[in-house]
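First comes the structure, then the notes that go with it.
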């Protein structure tokens, strides 16, 4: 009887070992994973401390270990995949859990490491001390892990799909390229994207499977488009029939080895399941020398999507009805770093304004008074319950300037992007010099008598340029309204107005290595209706200045934007953050544009129309600038990712 029992246990262990050794269902004959195992006295010299039932565990061949939490205090052995406290790891680099793993890695690093991760290989006897970390540390690791999962679940649940539009289909059908994530330092993962590129392998859900439970398989990145990746399952070689697009930062993409560590099954797709008899050998061969995501990738994604601005914070923001002044507004919601601000006096909370938390349009309470900027005092004399001032350190810092020597003066002429018609660079004048390097700018020929349309730019702003910038860079300069002496010549205009040009040396001439190229796709805010994020294309690059075209719309809706603007995002940003993406205008709207664009519009306005549902055409028509301007077409684009001398000499 005892012999029969021993034989049964031995057979059961052998069966479990057969199934668990590769972490997948052999032959699809069972969907149950037995996570129990018995400890063997000849495998263990010391008892592993018992864990509470509430803590998720993985048992493999008698060894017990917890999920990795991605914190700096934890580490993963590069040889066997063992997770433990970093301080207990071997060597100064803390790459291995024991001396034996370090030596094994050195002698047979690639194949051994890959096989160990795929199998979920347990640590060596010398590494068992790692499991005896205090219970508090284990619980903390689990809490962090659970928090990461919850954040990912919230992100996934909040995603807002765009009916009828797919970035993947749009890019595939037109062979478009997208701007890389590294171009957007303000976006999630913008500064820690790393070496994610074509060829990187990941573990993803296997959708080509008839099993009733969720299983996974390994796929390789075929093409990258922002956050989105075109993936192909391993084993399909040149067959693209099951290729699919997926957001790399989504909760369903994991580094190779995650399934083994998490106790998830790896199952080859049904289409190719009979292609190889030894899938383990196939994967080891395919993955040798390949790259995968960092073990803490999901943790980094979660951390990069934590935003310091919170609801009920009070800020000063530009008054959209009078650009020359600011008003107090309250943060109503935060989505992907974008703030919906409700002006404090709005009782029904419909008078709002959208901008990014790094926008130059928002400031801490008291900013206007400190620099001498006009400010609309609120009728509300007392803060509402729960509202509090946003700390000054949360706002984007501007570069310090030295105004003690030669500096900007009232009446000096320059060229500036018109804040009410962002497709135009206009003749402008400095109307007032404020403190800390801020300037009030007016657009010549279209200023209101009371100066209510003056706009505040900092001296280092990439939206103001010295006289002659447009000419040397072959950009159409918009002359003052009503100016009859055309073509416009700066020399004549300065003489006629008895004015001087602002010195070239006072302007910001830094050109970062931004990485953008003409034709790249991205998601961009329509700054004339800042609650909208649209499908867009980079059509011109003038050093650090980008011309953004909204796909499906006429060129007159284009906008000049700085390469480091927080209103530009990688492809897939809306899906990742749960923001609504505006697809390209349909053909019917394009046809209507051609006729409507020829009609003169009443007046400039960037008034927010609220959340009333409108067609894209209606939105654009209501926001179109009141004047028609012509633009230079066919000029050669000048791409530059470095500093250059792009100003012409001023005529005497």
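Numbering starts at 1 and runs along the chain as displayed.
Cβ atoms here come from the backbone N, Cα and C positions, even for glycine.
Positions annotated as region 'Disordered' by TrEMBL: 1-55 (among others).
As annotated by TrEMBL, compositional bias 'Basic and acidic residues' applies to 1-21.
Annotation comment: TrEMBL describes 29-41 (among others) as compositional bias 'Low complexity'.
Sequence annotations record features per position, and here TrEMBL assigns domain 'FCS-type' to 68-103. Taking the domain 'FCS-type' (68-103) as a whole, pLDDT averages 63 in the prediction.
Taken from TrEMBL, the feature repeat 'MBT' covers 165-269 (among others).
Under the heading repeat 'MBT', TrEMBL lists 277-373 (among others).
According to TrEMBL, the feature repeat 'MBT' maps to 375-480 (among others).
As annotated by TrEMBL, repeat 'MBT' applies to 488-584 (among others).
Under the heading region 'Disordered', TrEMBL lists 582-616 (among others).
The compositional bias 'Low complexity' annotation in TrEMBL covers 587-597 (among others).
Per TrEMBL, compositional bias 'Basic residues' is recorded for 598-614.
Taken from TrEMBL, the feature region 'Disordered' applies to 630-652 (among others).
TrEMBL lists 633-644 with the feature compositional bias 'Polar residues'.
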Candidates 165-269, 277-373, 375-480; stretch with most C-beta pairs under 8 Å toward the repeat 'MBT' (488-584): 165-269
DSSP-derived helix, strand and coil totals, residue by residue, for the repeat 'MBT' (375-480): 10 helix, 36 strand, 60 coil
The repeat 'MBT' (277-373): DSSP-derived helix, strand, coil residue counts: 22 helix, 35 strand, 40 coil
